[in-house]
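The structure appears right after this line, and notes come after that.
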Amino acid sequence: MSHSGADPEQRQQASEADAMAATFRASEHQHIRYNPLQDEWVLVSAHRMKRPWQGQVEPQLLKTVPRHDPLNPLCPGATRANGEVNPHYDGTFLFDNDFPALQPDAPDPGPSDHPLFRAEAARGVCKVMCFHPWSDVTLPLMSVPEIRAVIDAWASVTEELGAQYPWVQIFENKGAMMGCSNPHPHCQVWASSFLPDIAQREERSQQTYHSQHGKPLLLEYGHQELLRKERLVLTSEHWIVLVPFWAVWPFQTLLLPRRHVRRLPELNPAERDDLASIMKKLLTKYDNLFETSFPYSMGWHGAPTGLKTGATCDHWQLHAHYYPPLLRSATVRKFMVGYEMLAQAQRDLTPEQAAERLRALPEVHYCLAQKDKETAAIA
């Protein structure tokens, strides 16, 4: 239909009428989706995946990591920056970060002389947790019992630091693309005297939903995704892995327990075993997607601790976020710049397309499959 003779307002109205008459397809037409957990929107522009890529290409990292490097401060027996020598650990190893962003004895900034210049005290502790004594392994290449030991250590440090601090943030940055400067398998744990911004948003959203509907937001969300199935990646007896309806990063996933669980220490032995198994499968799929050690940032969110530990916090549901940056290949990543920084998040691949691709991937790591083929060829 031609609208060339109409005035601008008529053309706008006619254009809107044409758009309404068209059949909407999420995989072809741009739209915005709401994230009820963090009270924000994301622009989905799936048609952009058809454009040729002429942007930055990251170098492929083919460097072999030595199993043990005496100069690597995370290795067993190595000397760290503060002069302390690591024990010869053979499992997980937790220690105080030598360069902490939070310290327990920081002074109070005092009162502000103007409402536009507010500062408040920030205290806490920062720890580093090594997952394994070897530098040349990552979580998907570790055994299920080894991953289970990591989960137990996560639960223990949450309980320990949560006795004093209202928020304990466990997070892993994997890969140089995510700013990880050391290839040794490890995560960080920051406990703070305040509730960080994202935790505050999740607290408000879950509290509001629970007040309005009488059930935890993420527990209900998990049930709905099990019914709809199109965004599921993995399911097990106790856990669900899915690409959220509101995902921002290309292959972002959300890891949820099937039952109502508020914090990591509440997981029973069967749930911890099952979590180790499904984590290994998810991270193997990630690596298999582009046959690379898949970079990501991940972290756990649970009910606030400290003085809130004894509170019911029934609106909270434990969950883990995985935010991987890769989009088209092992060397092409998603950049959060421009529109994302100044307006709102935007993604190209739909969450349903991402989930379908992840679902279809094998659960045997490509490195192990390659070794099996080489062994068979020799035999």
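Glycine residues also receive a Cβ, built from the backbone N, Cα and C atoms like all the rest.
E202 is the residue from E172, E202, E203, E220 that Swiss-Prot records in the Zn(2+) 2 site together with H301, H319, H321. Here Swiss-Prot has A81, N97, D98, N173, K334, F335, M336, V337, Y339, E340 binding UDP-alpha-D-glucose, and the candidate from Q188, Q200, Q317 in that same listed site is Q188. Around Q188 (UDP-alpha-D-glucose binding site), the same-chain residues at least 6 positions away in sequence with a Cβ under 8 Å from its Cβ are N97, C126, K127, V128, M129, I170, F171, E172, N173. With respect to H186 (active site, tele-UMP-histidine intermediate), the closest of these binding-site residues in Cα terms is H319, chosen from H319, F335, V337.
Between the CA atoms of C75 (Zn(2+) 1 binding site) and A81 (UDP-alpha-D-glucose binding site) there is a gap of 13 Å.
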